[in-house]
Amino acid sequence: MSGRPRTTSFAESCKPVQQPSAFGSMKVSRDKDGSKVTTVVATPGQGPDRPQEVSYTDTKVIGNGSFGVVYQAKLCDSGELVAIKKVLQDKRFKNRELQIMRKLDHCNIVRLRYFFYSSGEKKDEVYLNLVLDYVPETVYRVARHYSRAKQTLPVIYVKLYMYQLFRSLAYIHSFGICHRDIKPQNLLLDPDTAVLKLCDFGSAKQLVRGEPNVSYICSRYYRAPELIFGATDYTSSIDVWSAGCVLAELLLGQPIFPGDSGVDQLVEIIKVLGTPTREQIREMNPNYTEFKFPQIKAHPWTKVFRPRTPPEAIALCSRLLEYTPTARLTPLEACAHSFFDELRDPNVKLPNGRDTPALFNFTTQELSSNPPLATILIPPHARIQAAASPPANATAASDTNAGDRGQTNNAASASASNST
């Protein structure tokens with residue numbers, strides 16, 4: 001979690017809203033096996049507001065925190081597992097997480113299937129329940145497994161996980177949405193298919209230039225230096241810094257900047273990047289330009305990592321963990337980095353022999369920040385496949401574990417027509 005209590009009341013430009021209109025009763029019954037079945041009136045996550053009855057069973061708690069509780073459940077109609085995130089709804093405000101999740105539709109972002117409201121134990125207490133894709137693992141748990149075994153995560157997995165993370169960031173940033181809590185715990189994984197899905201949009205916000213934002217955001221080890229400096233006019237490049245911290249952690253087997261406080265965090269960053277120049281400090285937060293820092297030289301990146309770390313991985317890390325926010329790569333530029341060239345090889349497979357997940361089904365929306373990058377991001381074999389088959393919706397749920405055959409979308413088709 002980001003270290004601050006989270007309800008659905010926000011100080012950052014949230015507008016009052018009336019009582020939820022889709023508030024419905026929760027009915028409990030038993031199926032033929034005697035299992036408890038809960039039926040609610042829920043609204044689909046995407047599309048028009050058409051509430052419908054949804055029944056689920058086999059409910060159990062799988063997570064909790066300051067945000068609320070997460071349950072696992074099984075949908076009765078399909079037998080699919082889902083995660084239900086239950087958060088306290090402040091009736092004075094719209095729930096920003098819900099508003100954002102209803103906009104998103106991408107193969108590397110956890111999907112909002114339904115949402116519904118339920119009453120709490122106290123009078124007038126209302127909870128918002130988000131019914132999400134259930135994904136069994138996290139990057140955090142997988143990385144911890146390797147670390148405890150005194151092993152490093154195989155580089156092919158580092159490439160797959162980071163590439164998909166950057167795709168998800170390119171997508172949300174194209175809408176002006178900043179996640180603000182990128183960390184290994186919020187990166188869900190299917191261990192069989194290697195599909196990664198970004199989750200937990202409880203801290204996410206659509207950033208508007210000129211509007212202030214809270215600086216106490218993001219979990220400590222992954223906080224960009226401008227946040228530590230108290231900046232309130234930051235950009236979505238704080239997500240890129242966090243992603244750089246995740247990449248470094250996967251390569252090292254431990255967090256790269258493990259500070260116990262904000263000041264300690266800054267010390268850890270300075271140990272690696274050296275003391276920021278006055279100009280770099282001005283770029284992060286102009287109010288700090290007169291602050292005196294001890295003069296420390298940057299540590300060579302090659303000495304930060306193990307000797308066998310791929311040079312391309314180190315080069316990518318150095319382009320993400322930059323003091324100056326505008327000097328950091330964009331997520332789309334990161335996807336095009338040479339570190340990920342192996343993923344663009346038509347013969348690449350997962351270590352278990354399976355095809356890689358969908359990697360090249362870019363939408364025009366995803367490519368909007370830099371359309372010319374499509375020539376790098378969509379390799380020739382994917383362009384040929386796109387030209388030979390009708391384009392499909394890049395964000396269809398079935399894309400997530402079916403490879404890229406026949407699934408590259410209009411952006412790929414356009415690229416194919418221009419370059420084949």
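Each Cβ is built from the backbone N, Cα and C atoms, and glycine gets one as well.
Taken from Swiss-Prot as is:
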ACT_SITE  ASP181  active site, proton acceptor
BINDING   ILE62, GLY63, ASN64, GLY65, SER66, PHE67, GLY68, VAL69, VAL70, LYS85  ATP binding site
COMPBIAS  1-22  compositional bias 'Polar residues'
COMPBIAS  386-401  compositional bias 'Low complexity'
COMPBIAS  409-420  compositional bias 'Low complexity'
DOMAIN    56-340  domain 'Protein kinase'
LIPID     CYS14  S-palmitoyl cysteine
MOD_RES   SER9  phosphoserine
MOD_RES   TYR216  phosphotyrosine
MOD_RES   SER389  phosphoserine
Number of other Cβ atoms within 10 Å of the Cβ of the residue listed as 'active site, proton acceptor' across all protein chains: 25
Alpha-carbon distance [SER389 (phosphoserine); VAL70 (ATP binding site)] in Å: 40
The one of ILE62, VAL70 whose CB sees the fewest other CB atoms within 10 Å, among these binding-site residues: ILE62
Cα-Cα distance linking ASP181 (active site, proton acceptor) and ILE62 (ATP binding site), given in Å to the nearest integer: 20
Maximal Cα-Cα distance (Å) across residues annotated as binding ATP, namely ILE62, GLY63, ASN64, GLY65, SER66, PHE67, GLY68, VAL69, VAL70, LYS85: 14
For ASN64 (ATP binding site), the three-state class that DSSP assigns: strand
Between ASN64 (ATP binding site) and ASP181 (active site, proton acceptor), the C-alpha gap once rounded to whole angstrom: 16
Cα distance (Å, whole number) from SER66 (ATP binding site) to TYR216 (phosphotyrosine): 15
Other CB atoms, at most 10 A from the CB of ASN64 (ATP binding site): 11
